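Below: one structure, written as structure tokens.
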Amino acid sequence: MSRNGLGPVAGVDEAGRGACCGPISIAACILPDKPIQELAALTDSKKLSASTREKLMPLIKKHALAWSVIVISAQDIDRFGIQHANISGMRRAVAALGTQPGYVLTDAMKVPGFTVPYLPIIGGDASARCIAAASVLAKQTRDDIMTDMANDYPHYGLEIHKGYSTKIHMDAVRHHGASPEHRYSYANVAKAHQEWLHAADNDTTEGGA
């Protein structure tokens, strides 16, 4: 597209939309037009091993003409909603690029408010290098955040499931209650946390009887 006079093309993608704990991260990336051997493994970040993503992240930053990552907290997701957080984050990620693109590609996401033309591509993180690069930046950034968060909240196994709604995770919320980093606006978190509160109330009542 840049060769057709549209200017640099930025890919945008998110990580953590489907999680119930922790932030959502949104990345934007502009890569050179020419193939880059060190980035030959680039594809949808969900199809890459953790070790491959870790290796690719510094290489993407090394070769990118511009890149940015925006992190939106669980508290803001609860306040504004995940859809608003996602769209706002994508606009902010593109605006934060040191080189402004002439065109934006998203992974199937419709994003009103871009200042340049854009195109949602279904399966874009597997077919467009710039989206794949943004996908890796977003996911690896968020995975690192969740691994660090596990040190502060060790009861939930965040370093394993990265805040997604696994059985082990939701059982932990029922047993320990939700942490400040959980998304209380999500029905499964609210329900599990309420079950913990109910059990805690019963324990208090029995203990005081």
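Cβ atoms are placed via backbone N, Cα and C, with glycine included.
As written in Swiss-Prot, here are the features:
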DOMAIN    7-198  domain 'RNase H type-2'
BINDING   D13, E14, D107  divalent metal cation binding site
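When the neighbouring Cβ atoms lying within 10 Å are counted for each of the binding-site residues (D13, E14, D107), the highest count belongs to D13. Apart from D13, E14, D107, the divalent metal cation site neighbourhood in this chain, defined by C-beta within 8 angstroms of the site C-beta centre, holds V12, A15, I26, A27, M90, T106, M109, G124, D125, I131, A134, S135, A138. Each residue in the domain 'RNase H type-2' (7-198) has a pLDDT score, and their mean in this model is 96.
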